[in-house]
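Please read the structure below before turning to the comments.
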Amino acid sequence: MDVTXLLLATLLVFLCCFAAYSHLPPEEKLRDDRSLRSNSSVNLLDLPSVSIVALNKKSKKISRKEAENKRSSKKEASKQKVARPRTPLSVPCVSTRGSCKPPAPACCHPCASCQCRFFRSACSCRVINVNC
C-alpha cells in the first residue's frame, strides 16, 4: 500500500471524527459547590416551588359527573341536529338494494347512496348512516 494513500485515509478518518464531534459543546467539570454558585447565572432559590396536590375521592366524583353531563348534552345536541326535513320522493328512483348503475336515477331513500363494485359493473343503493 502506498504511504500517501495510508496518510490520506488517516486524515479522512480524523476529519470525519472531527466533523461528528465538533457540534457538541465541551463539558465543564465542576470541582465544588462554590464554582457551581459562581458559574450559574440563575439562582435556584429564586425559582418558584412546585406543589403537588392530591385529589380526594369527592372531587373525582364531581368531575366524573360533570363529564357525564357534558357527554349527554352533546349527544342530545347531535340528535337534534340530525333531524332534518326529508325531501319528497321522486317518482323515478331506485329502491334500497336495487341496481343503480350510472344511467339509472337516484336512490329513493334520502340517506342511501349508490355504491359500485368490480369497476362499476355491480352497483346497488345502500344506506350508510342508519341514524340519518
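Here the Cβ of each residue, glycine as well, is placed from N, Cα and C on the backbone.
Between Cys107 and the candidates Cys17, Cys125, Cys132, Swiss-Prot records the disulphide pairing with Cys125. Reviewing Cys17, Cys93, Cys132, the cysteine that Swiss-Prot connects to Cys111 via a disulfide bond turns out to be Cys132.
Per Swiss-Prot, the disulphide partner of Cys108 among Cys17, Cys93, Cys123 is Cys93. Among Cys100, Cys116, the cysteine that Swiss-Prot records as disulfide-bonded to Cys114 is Cys100.
Same-chain residues lying 6 or more positions outside the compositional bias 'Basic and acidic residues' (64-79) and placing a CB less than 8 Å from one of its CB atoms do not occur. Annotation for Cys114 (disulfide bond): same-chain Cβ neighbours under 8 Å, separated by at least 6 residues, are Val94, Cys100, Ala106, Cys107, Cys123, Ser124, Cys125.
Counting same-chain residues at least six beyond the ends of the signal peptide (1-22), none has a Cβ under 8 angstroms from any Cβ of the stretch.
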